[in-house]
Amino acid sequence: VLIIAVLFLTACQLTTAETSSRGEQKHRAPRSTDKNSRMTKRCTPGGEACDATTNCCFLTCNLATNKCRSPNFP
């Protein structure tokens, strides 16, 4: 009886795998690339206005001038 149960469960798994590989899956999971593209933050280039919460491309905002630093800042 145990051998028959194992064979039955194996056959069920193979049938399910074959069905999903043919594209007959009804509810597909969202692609991870879609999620990653929505989560990507844009940075503010050097010389543009910024504050303490701005994501400057070169990592720092000069709070004295309220502008993102450029790549060749002193």
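Cβ from N, Cα, C; glycine included.
Keep in mind it's a predicted model, so treat the numbers as computed, not measured.
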Cys68: disulphide-linked cysteine among Cys56, Cys57 [source: Swiss-Prot]: Cys56
Residue among Cys50, Cys57 that, according to Swiss-Prot, closes a disulfide with Cys61: Cys50
Winner by Cβ contact number (other Cβ atoms within 10 Å) across the disulfide-bonded residues Cys43, Cys50, Cys56, Cys57, Cys68: Cys68
Alpha-carbon distance [Cys61 (disulfide bond); Cys68 (disulfide bond)] in Å: 4
Separation of alpha carbons, Cys56 (disulfide bond) and Cys50 (disulfide bond) (Å): 8
Cβ-Cβ neighbours of Cys61 (disulfide bond) (radius 10 Å): 21
Cys61 (disulfide bond) - helix vs strand vs coil (DSSP): strand
